[in-house]
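If you check Swiss-Prot, you get these features:
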SIGNAL    1-20  signal peptide
DISULFID  Cys37-Cys69  disulfide bond
DISULFID  Cys65-Cys125  disulfide bond
DISULFID  Cys175-Cys204  disulfide bond
DISULFID  Cys188-Cys313  disulfide bond
DISULFID  Cys246-Cys260  disulfide bond
Amino acid sequence: MNFVGISSLVIVAFFAGGNAAWKPFSPEETLFTYTRCMEDNAKGDLALAKKWMAWKLEADQKSACYAKCVLVGLELFDESSKTFKGDHIVEQYQKYKSYTSQDEAGVKKFQQAVQALGTIDSANCLKVLQKYGPVHAQFTDVQRNVYFGKKEITDKIYNSDYTVKKRDETMFRFCERSNFKDGSEELCTLRKTGITTNNNHLDCLFRGLRYLDRNGNINPDEIKRDLHFINVKDKDAAVDNALNNCKVKEATKATDYNDCLWKDPNLKDIMMPVFDYREVRSESYRYFIENTDPYDVAKVKEKVKKYDKDAGC
């Protein structure tokens, strides 16, 4: 249920818009899920996180909640109905099967095993892991093959897919490379002000930051989380107000929300430090797993200067 060699895991960051039919998870999405669940449940305990990286799940509270978090994130467990879901496992496998030697028969057995778990009477972390644990133990290798738990699989994707986000590349620079010419006035203005009319870029960025979820819905909690990380904890209501009063068109959703945040009188002075720190952290999804240092605005600015230079600005 976890992954090996996460530090070398590559990221494919193709984010499509709209409420379309279900789409297989990319390596970027699974990596984000794994690391965010580690961040939330290991809470600075690197030794424990390393156990999860080694696919070791013990029956303790933190490990159980990590496991449940990943299952929910990969849509293998629906918390509201307390039901295990294997509906899309084969579809997930088929999307990337050319990158793995995994046979489909094994995937179907894994799917059947997940489906057979059915509904449980409680979504308690320990109850979820107790139920899923035997399936995890039996199909660990299949899970790693299907949900990008092997470096050799992700390396192949990294080397062959033009949409691959490079190792140690920030989400901001990835989206910028796809939508602007380095050194262009438009890009440099964006990096100085946070404002652009390029909706393709902002859609890529908002999805990459999880400000928009997989279905294209705004996620206020993720924005507030980023404010909290720069020690701004009294603006939650301002975020809600800015988003709730934002006039949004489907075709320009990301641009509209971005404008509403950056131009709000209660938020305009903090959005740049929010974005700067998130850019630094997006360079490695393991940032908070390995880095326990408090927010340091001077260090963040030094890092951002390097990103600006890389952008030709």
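Note: Cβ is positioned from N, Cα and C throughout, glycine not excepted.
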Quick check on the disulfide-bonded residues Cys69, Cys204: which one has the highest count of other Cβ atoms within 10 Å of its Cβ?
Cys204
From the disulfide-bonded residues Cys175, Cys204, Cys246, Cys260, pick the residue whose C-alpha lies nearest to the C-alpha of Cys69 (disulfide bond).
Cys204
Out of the disulfide-bonded residues Cys37, Cys65, Cys175, the residue with the smallest number of other Cβ atoms within 10 Å is Cys65
Just give me the nearest neighbour of Cys125 (disulfide bond) among the disulfide-bonded residues Cys37, Cys204, Cys260, Cα to Cα.
Cys37
Residue pair Cys313 (disulfide bond), Cys175 (disulfide bond) - Cα distance, angstrom, rounded
16
Of the disulfide-bonded residues listed as Cys65, Cys175, Cys188, Cys204, the one whose CA lies nearest the CA of Cys246 (disulfide bond)
Cys204
Of the disulfide-bonded residues listed here (Cys37, Cys65, Cys188, Cys260), which is spatially closest to Cys175 (disulfide bond) when Cα positions are compared?
Cys188
One finds that other Cβ atoms within 10 Å of the Cβ of Cys246 (disulfide bond) number exactly 16
Can you tell me the CA-to-CA distance separating Cys260 (disulfide bond) and Cys37 (disulfide bond), as a whole number of Å?
30
Please work out the number of neighbouring Cβ atoms within 10 Å of the Cβ of Cys188 (disulfide bond), leaving out its own Cβ.
16
Going by DSSP, give the three-state secondary structure for Cys204 (disulfide bond).
helix
Using C-alpha atoms only, work out the spacing between Cys204 (disulfide bond) and Cys188 (disulfide bond) and round it to an integer in Å.
18
Once DSSP output is merged into helix, strand and coil, Cys37 (disulfide bond) belongs to helix
